[in-house]
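Chemist: Before anything else, here's the structure in question.
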Amino acid sequence: MPPKSHKCSRKEGEVEEPLLTENPDRYVIFPIKYPDIWQKYKEAESSIWTVEEIDLGNDMTDWEKLDDGERHFIKHVLAFFAASDGIVLENLAERFMCEVQVPEVRCFYGFQIAMENIHSETYSVLIDTYVVDPDEKQRLLHAIRTIPCIEKKAKWAIEWIGSQTSFPTRLVAFAAVEGIFFSGSFCAIFWLKKRGLMPGLTFSNELISRDEGLHTDFACLLYEKYIVNKLPRDRVLEIICNAVSIEREFICDALPVRLIGMNSQLMTQYIEFVADRLLVSLGYDRHYNSKNPFDFMDMISLQGKTNFFEKKVGEYQKAGVMSSERSSKVFSLDADF
């Protein structure tokens, strides 16, 4: 008799979530019952990369040209990222993988865990490469305990791992973590790319932001199409607006983006735009009605009208894996809401 899976409690009167319904066939993949979910897994599988494929050879020349404020900003962005992927990974391993009973979803989550490891390793390598002083290096690598503004973001995400709230609530919360908490930092690093700086850092950012876009897109697919007990709009707004407030405080006030020559007001507008995009993808109306103020973000690998998986940015897609018909539903930056 196989062991029972971890069950997620539900409120009285709620219908059991199909994704969480006990499934004795959860150990076997075929036959595929959720082709759109399986498609997302194949998209993720086709895009695997490793840290060894990132060339940091020219970055140190640019690093030395940056002023102290620019270096401070980049170091603290990397410090947040170095731990954040581990937080997402722990939630997947401890909660979502135990709760969800659909093999296709588990395949995606299993692959996402592998990619979060690669992301975390990449950020650790970047810190190890750029930061020479060993004490500062350790402070940055342990930023969720040593740097208050990073600790605040991490604490918000970690609390959701142990939360007794419903699966749909936590699904929205971690969509906010990956869709909003990373947005300002991704945007700031793409700003450096626009300036022609740090090619290794900016290319790794392109790959990681593409992956995180897919992860967020996947969470939205599960929620919008398969979650039965959807949250009231007010509850979703509470989660999303809280995440926006924390991200705005982090990227605009604590670091802040003016250190690299970016406008804080425009960055706030961009974060609100990203939040609206997330709300729409979850099936709700926009809240902020903010426009994307950064034209250079229209072409990044979170993707606009050209699907990354068609474009093959940097040729990081395994040949043949995505040769079948591809899904056109993409978590896009430039959708007309």
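Just so you know, glycine gets a Cβ as well, placed from its N, Cα and C.
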Chemist: Out of Asp67, Asp68, Asp85, which one does Swiss-Prot list together with Glu116, His119 for Fe cation 1?
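Modeler: Among the candidates, Swiss-Prot records only Asp85 at this Fe cation 1 site.
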Chemist: Suppose a student reads Swiss-Prot and sees Glu116, Glu212, His215 listed for Fe cation 2. Which of Glu151, Glu178, Glu247, Glu249 should they find annotated at that same site?
Modeler: Glu178
Chemist: In sequence order, which residues at least six apart in the same chain have a CB under 8 Å from the CB of Tyr123 (active site)?
Modeler: Leu78, Phe81, Ala82, Asp85
Chemist: Looking only at C-alpha atoms, tell me how far Glu116 (Fe cation 1 binding site) is from Glu212 (Fe cation 2 binding site), rounded to the nearest Å.
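Modeler: It is 9 Å, counting Cα to Cα.
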